[in-house]
Amino acid sequence: METGQVNERFHAEKEMVMETLFVIGAGTMGGGIAQVAALNGFTVYLYDIKQEFVDKGLKGIVGAWDKLVARGKMAAEDRDAALPRIIGTLDMRDAAKADVVIEAAVEDLDVKRSIFSKLSGIVSPGCILATNTSSLSVTAVASAVGRPDKVVGLHFFNPVPRMALIEIIRGAATSDETYEAAKALSERLGKTAVTVNEYPGFVVNRILIPMINEAVFMLQEGVASAEGIDTAMKLGANHPMGPLALADLIGLDVCLAIMELLRDEMGEGKYRPAPLLRKMVRAGKLGRKSGEGFFRY
Ligand SMILES: CC(=O)CC(=O)SCCNC(=O)CCNC(=O)[C@H](O)C(C)(C)COP(=O)(O)OP(=O)(O)OC[C@H]1O[C@@H](n2cnc3c(N)ncnc32)[C@H](O)[C@@H]1OP(=O)(O)O
Ligand SMILES: NC(=O)C1=CN([C@@H]2O[C@H](COP(=O)(O)OP(=O)(O)OC[C@H]3O[C@@H](n4cnc5c(N)ncnc54)[C@H](O)[C@@H]3O)[C@@H](O)[C@H]2O)C=CC1
């Protein structure tokens, strides 16, 4: 065998095999990530803590695909081929079968660290551990596992099937191999990856969420109505959605968590969450996922 062939084979063998994903959290983002992964040929375990949450996530995927097929935006055979690749589960031990775990549970560092600590004792030695956190320190999440070199931030955008970006965030211990695997996975999922150094809010959320927070302050101050603020930004800045409708799509609880992280980690009052945002979250008005936020759904 020629040297070149040997190198090629070695390189091919070095390329990490990625066929099975384990997605933690069957909510807004976990459901979207599972959709994109299954459509790109991956087997996807979709895990949550209650059967009703798993069922809701699976139902959301079928509903989104049925709508797209009805609109002629997806071939029925693509839907029918992808659906069996998504397996709902309540058993975290299924993560032992995964090449990559993508965590998309609640934006709470303690919850994420506890999940990663449990995963540590389950996953195979080569498994990549990715967190879809909006803003939390990947280094802090990674410090919960024995192999922090395998942990990376893989930050998708909402709605996942429609947004091209993935922010790849390296924690202090993320290895080059893990980073390269994250990049290869992003490409396999048809996304464009931007590499971000770990800093509060990364890139998009450091800019976008304070803008949304400012819109909430304006609503609170009576500058304009919710419809007025959103119409102004759609027509005046050509945004595809107004900031308050976008907050409803993201989840007001997620927006608040990001603002609190920015305030605490940047240490500047300019990131303080609007009191109205906190009041809405306390009232359970979380946006689309609760049926009501700044608008009703
Ligand atoms: C918080 C974080 O950590 C990071 C983040 O994600 S920040 C948020 C980033 N995302 C954005 O900024 C999204 C901005 N909005 C858009 O790009 C567009 O409005 C959109 C892609 C969501 C929809 O595009 P569109 O072609 O104009 O609309 P259309 O395809 O007709 O869909 C319209 C509806 O479906 C929703 N939608 C579209 N595709 C969807 C999908 N695949 N899954 C779920 N909802 C979807 C839209 O929100 C909208 O809802 P309503 O019909 O109830 O109004
Ligand atoms: N909503 C958005 O626009 C975006 C959110 N994110 C991030 O993705 C993560 C998930 O956000 P969403 O999907 O919006 O939240 P969500 O509230 O829609 O879903 C979170 C899911 O996590 C589950 N969960 C809670 N505790 C858990 C645990 N211990 N183990 C496993 N699952 C658990 C919940 O049951 C729920 O189904 C958060 O870290 C968020 O910051 C990232 C990009 C965009």
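Quick reminder: no glycine exception, Cβ is built from N, Cα and C everywhere.
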**Study point:** 21-47, 156-182 - the one TrEMBL records as transmembrane segment
**Key:** 21-47
Exercise for review: Identify which of the following binding-site residues, namely Gly27, Met29, Asp48, Lys112, Asn158, place a Cβ less than 6 Å away from any atom of ligand 1, and list them by sequence position.
Suggested key: Asn158
Practice item. Whole-number Å only: compute the distance from the Cα of His155 (site 'Important for catalytic activity') to the Cα of Gly25 (NAD(+) binding site). Key: 14
Exercise for review: With DSSP as the yardstick, break the domain '3-hydroxyacyl-CoA dehydrogenase C-terminal' (201-297) down into helix, strand and coil residue counts.
Suggested key: 66 helix, 3 strand, 28 coil
Exercise for review: Sort out the residues at least 6 away from either end of the transmembrane segment (21-47), same chain, that have Cβ-Cβ distances under 8 Å to it, and list them.
Suggested key: 53-54, 56-58, 60-61, 64-65, 78, 82-83, 85-92, 94-95, 97-106, 115, 132, 156, 158-161, 188-191, 250-251, 288-289
Study note, to complete from the structure: Per DSSP (three-state), His155 (site 'Important for catalytic activity') is strand
